[in-house]
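Per Swiss-Prot, ATP binding site is recorded for PRO96, ILE97, GLY98, SER99, GLY100, LEU101, GLY102, SER103, SER104, ALA105, CYS106.
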Amino acid sequence: MLRIYAPASSANISVGFDTLGVAVSPIDGSLLGDVVQIEEIEQGFELESAGYFVRKLPKEPQKNIVYQAYVLFSERLKLRNLKIKPLRLTLEKNMPIGSGLGSSACSIVAALVALNQFYQQPFSKMELLEMMGELEGRISGSIHYDNVAPCYLGGVQLMVQSLGNICQQLPFFDNWYWVLAYPGIEVSTAEARAILPKSYTRQDVISHGRHLGSFVHACHTRQEALAAYMMRDVIAEPYREALLPNFAEVKQAVKDLGVLASGISGSGPTMFAIAPDLAIATKSATYLENNYLQNNEGFVHICKVDNVGARALV
């Protein structure tokens, strides 16, 4: 029996719409992500589900993304003339759906990594990542890797999608604390994409390029202040903030508390705030608990970058 954990991820990081993503893990050691267990059985295929958010999963197994991952993986095995083994997959759904924390990516990554290890790794990392992107595209309507790549590989990933590489890891600031606040409401990726304009002004395009280029440069040259300053979003946040509860007010409040940068995690409704030290992270977390959470399903975690990505649990 094998258990694979895939961590939460925050896509875009404000400055890199559909091109940047970071894997995160709580500093208290709790697992913020999904777990998929795989084991051999006598015949056929079985899919079971458990976990706090299991009630949010589709009632029909065929609509479960883990089932779709199994089907896609099996199709790729057949193309290599490899025998399909009888097995059972169990998804522990610990991530809220439509949270902006890469919930679907967690399930996809955990399932495909479990299957690849179960079959003695017939597929390379890039081949597996390509499958992950295809499955993610079925949910959001377009193939993008800014959740699955960091969830799978860890760290901060920049999507390059050229010269045989889907992504490359950016050097980052491990001393930063990431405060993630999920308000307990759901925003679908499709809904969050539909609210965006079909075109942007020349000035917005120039600003976006300047911010992203400067951010990547700052990461490579270890300029924390410049990197944090450039974490600005002219592509999505001005339009998506309407989907989030009192976002502008909360963003200003955590800035006043001393955070370096804040924004929408993925397509929302989770927001992130980056703190330079634990004291400011703790103050920000307390504020967000009291002012951003909307119900009992909401939560706040103080995290750091997860540089490992998907991994087996002992």
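Every residue, even glycine, has its Cβ placed from backbone N, Cα and C.
Where Swiss-Prot records a feature, it is marked here on the structure.
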residue : record           : contacts (Cβ under 8 Å, 6+ apart)
PRO96   : ATP binding site : PHE53, LYS56, SER103, TYR182, GLY184, GLU186, GLU297
GLY98   : ATP binding site : GLU186, VAL187, SER188, THR189
GLY100  : ATP binding site : SER10, ALA11, TYR182, VAL187, ILE264, SER265, GLY266, SER267, GLY268, PRO269, THR270
GLY102  : ATP binding site : ALA8, SER9, SER10, ALA11, GLY21, MET95, ASN147, VAL148, PRO150, CYS151, GLY266
SER104  : ATP binding site : ILE65, ILE97, LEU135, GLU136, ILE139, SER140, ASN147
CYS106  : ATP binding site : ALA6, PRO7, ALA8, SER9, GLY33, ASP34, MET95, CYS151
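Neighbouring residues of the recorded ATP site, listed in sequence order and excluding PRO96, ILE97, GLY98, SER99, GLY100, LEU101, GLY102, SER103, SER104, ALA105, CYS106, comprise ALA8, MET95, ASN147, GLY266 (Cβ within 8 Å of the Cβ centroid).
In the three-state DSSP scheme, SER104 (ATP binding site) falls into the helix class.
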